[in-house]
Amino acid sequence: MTKPDLYPEFTRAERVADGVMHAFGIAFAITATILLIVWASGETSLSTVIGLSIYGVALIGSFVASACYHFTPWEGPRHLLRRIDHAAIYLKIAGTYTPLVVLIGSAFAYSILGIVWTLAAVGAITKLFFWGRPTRWGVGLYLGLGWLSAALITSLVPLVSGATLSLIIIGGLVYSLGAVVFSIDGLRFQNAIWHGLVLTASICFCIAIALGVLPTI
């Protein structure tokens, strides 16, 4: 396996564009997490604050892990950083479920959450120790885990507004579009487009979580 196959080469313009996406992503994740937790602390239950904290840590961790992998100036740790980057995606998916399941509060919702976190843990461990190279199968696993959320839609309908539900669905579709972009070989600005779509979907879910979980919004 050649080095370009493992680590594709990008032009300066492509790297700058991708860097901008990561900078916005990290700034968004940190700001959103702080605002959600501070707002929730005075308005909601402890379980909601914990759920939002788990979501925030997973959100920040995913963007930071991606930035560390894609922009490290050292070649030595790149293989490990890539594994961490891919493993963090599983945790971000599971983290996004968490505050929404706390909002639903049913035994069925928590059983789905348990399945999601179990699969996410298995996926992350597999990425870290056994399967570091990105493949279309890996992208399929991310999508499958994410779209398990369809099982919770009927439980969310009576609890959230139409706008909140629409944002969740739009976020899922944008993530799916990003997976398609990620799978297209030779696409110019592929990483920047992919990470831009991830950022867009993340914003959709963050707003949906805020609207659904924080009663005063």
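In case you wondered, yes, glycine gets a Cβ from its N, Cα and C as well.
Copied over from TrEMBL, here are the features:
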type     : residues : note
TRANSMEM : 20-40    : transmembrane segment
TRANSMEM : 52-72    : transmembrane segment
BINDING  : HIS70    : Zn(2+) binding site
TRANSMEM : 100-125  : transmembrane segment
TRANSMEM : 137-157  : transmembrane segment
TRANSMEM : 163-184  : transmembrane segment
TRANSMEM : 196-214  : transmembrane segment
Using Cβ atoms and a strict cutoff of less than 8 Å, what residues sit near the transmembrane segment (52-72) while being 6 or more residues removed from its termini? 15, 18-19, 22, 25-26, 28-30, 32-34, 36-37, 40, 78, 81-82, 84-85, 87-89, 91-92, 94-96, 98-99, 191, 195, 202, 206, 209, 213
Which chain-mates of the residue listed as 'Zn(2+) binding site' that are at least 6 residues away have a CB under 8 A from its CB, listed by sequence? ASP18, HIS22, ASP85, ASN191
Long-range neighbours of the transmembrane segment (20-40), counting only residues six or more past its ends (CB under 8 A): 48-49, 52-53, 55-57, 59-60, 62-64, 66-67, 70-71, 192, 195-196, 198-199, 202-203, 206, 209-210, 213-214, 216-217
Intrachain neighbours beyond the transmembrane segment (137-157), with Cβ under 8 angstroms and 6 or more residues off its ends: 86, 89-90, 93-94, 97, 100-101, 103-104, 106, 108-109, 112, 115-116, 119-120, 123, 127, 131, 164-165, 168, 172, 175-176, 179, 182-183, 212
Below 8 angstroms Cβ to Cβ, which residues of this chain, lying six or more residues outside the transmembrane segment (100-125), approach it? 47-48, 50-51, 87-88, 90-91, 93-94, 141, 145, 148-149, 151-152, 155-156, 159-160, 168, 209, 212-213
